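Participant: Pasting the feature list from Swiss-Prot:
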- H72: active site, charge relay system (ACT_SITE)
- D122: active site, charge relay system (ACT_SITE)
- S223: active site, charge relay system (ACT_SITE)
- C57-C73: disulfide bond (DISULFID)
- C155-C229: disulfide bond (DISULFID)
- C185-C208: disulfide bond (DISULFID)
- C219-C247: disulfide bond (DISULFID)
- 31-271: domain 'Peptidase S1' (DOMAIN)
- S275: GPI-anchor amidated serine (LIPID)
- 1-21: signal peptide (SIGNAL)
Amino acid sequence: MESWARCIFLLLLQILTGGRGDILHSGAGKIVGGQDAPEGRWPWQVSLRTEKEGHICGGSLIHEVWVLTAAHCFRRPLNSSFYHVKVGGLTLSLTEPHSTLVAVRNIFVYPTYLWEDASSGDIALLRLDTPLQPSQFSPVCLPQAQAPLTPGTVCWVTGWGATHERELASVLQELAVPLLDSEDCERMYHIGETSLSGKRVIQSDMLCAGFVEGQKDSCQGDSGGPLVCAINSSWIQVGITSWGIGCARPNKPGVYTRVPDYVDWIQRTLAENHSDAYGCRSRASGAYPALLLVLLAFALPESL
């Protein structure tokens with residue numbers, strides 16, 4: 001029974017990723033086992049950049065002037081003039097057609113973020129200097145505040161993360177990953193890590209996604225990017241790529257900021273800065289997301 005369920009799980013992942021045979025093989029480095037994202041599939045994905053370093057993090061558009069990303073992407077003292085956001089396109093090239101570079105007006109980091117590795121509150125909002133036109137973007141939907149997230153739900157992570165040679169992906173990568181139970185993730189992170197003995201690693205505002213065997217979903221350069229799930233025919237951002245121990249290591253899945261815990265703060269920040277409520281129009285097309293959720297509810301518990 002266990003092997004049969006696992007076969008179903010692997011087959012579904014191959015269908016969703018275009019039949020790639022390397023979906024569960026670790027070692028490549030970037031979004032491990034991912035594939036090039038089709039044009040227009042993830043229209044909210046942006047690249048956070050500095051003039052000196054180029055691409056440093058991902059992010060997601062939630063409004064015509066607002067980007068959601070990770071707090072650890074920034075350095076203190078905060079200086080918005082150091083940063084720009086590239087909107088549109090699939091590559092990191094600044095000359096790519098249908099893309100634009102927008103200056104950042106303000107940076108809002110969650111007040112309790114500690115500016116240290118694996119800190120809670122790893123979330124930030126960027127206010128763009130110039131509003132985007134409706135033809136330039138499609139915002140991702142945000143979840144309801146404190147919405148529960150079900151382990152086993154298959155979601156998607158995207159980004160231009162680094163390879164093991166520390167090179168960035170030339171084209172935006174996408175990968176389907178299952179959400180993991182937080183207590184299971186906590187136990188995994190303590191395996192082989194004596195320095196973590198007695199310490200709580202996965203905080204209540206974090207969630208894990210990836211593969212127990214070591215097939216990590218994201219790597220350096222993916223930070224700040226979105227983890228989205230197809231829920232009620234819409235793409236909902238449930239996580240922000242935050243941290244992990246290495247890339248593609250067994251028992252060290254990707255850790256994400258749990259977006260439902262911060263929806264109230266996001267709404268309050270937008271309201272305090274005279275922005276109307278965000279609105280999304282990102283429909284999850286195709287039958288695969290719904291099919292995957294139905295079948296994985298049966299197959300995944302025995303396969304992982």
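If you go along the chain as it appears here, the first residue is 1 and each next one adds 1.
Every residue, even glycine, has its Cβ placed from backbone N, Cα and C.
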Participant: Give me the non-local Cβ neighbours of D122 (active site, charge relay system): same chain, 6+ apart in sequence, Cβ-Cβ under 8 Å, ordered along the sequence.
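Facilitator: Counting only residues 6 or more apart in sequence, the Cβ neighbours of D122 (active site, charge relay system) under 8 Å are A70, A71, H72, Y110, Y113, I240, S242, W243, T257.
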Participant: Around C208 (disulfide bond), how many other C-beta atoms are within 10 angstroms of its C-beta?
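Facilitator: Total other Cβ atoms inside 10 Å, all chains included: 25.
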Participant: Within 10 Å of C73 (disulfide bond), Cα to Cα, which of the recorded positions C155, C185, C208, C219, S223, S275 are there?
Facilitator: S223
Participant: Give me the non-local Cβ neighbours of C155 (disulfide bond): same chain, 6+ apart in sequence, Cβ-Cβ under 8 Å, ordered along the sequence.
Facilitator: A176, V177, P178, L179, A209, L227, V228, C229, A230, V238, G239
Participant: Of the recorded positions C185, C208, C219, S275, which one sits closest to C57 (disulfide bond) when you measure Cα to Cα?
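Facilitator: Sorting the recorded positions by distance from C57 (disulfide bond), the top entry is C219.
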Participant: When the Cα of S275 (GPI-anchor amidated serine) is compared with the Cα of each of the recorded positions C185, C208, S223, which one is closest?
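Facilitator: The answer is S223.
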Participant: May I ask for the distance between C208 (disulfide bond) and C247 (disulfide bond), taken between their Cα atoms and rounded to an integer number of Å?
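Facilitator: Pair distance, Cα basis, whole Å: 14 Å.
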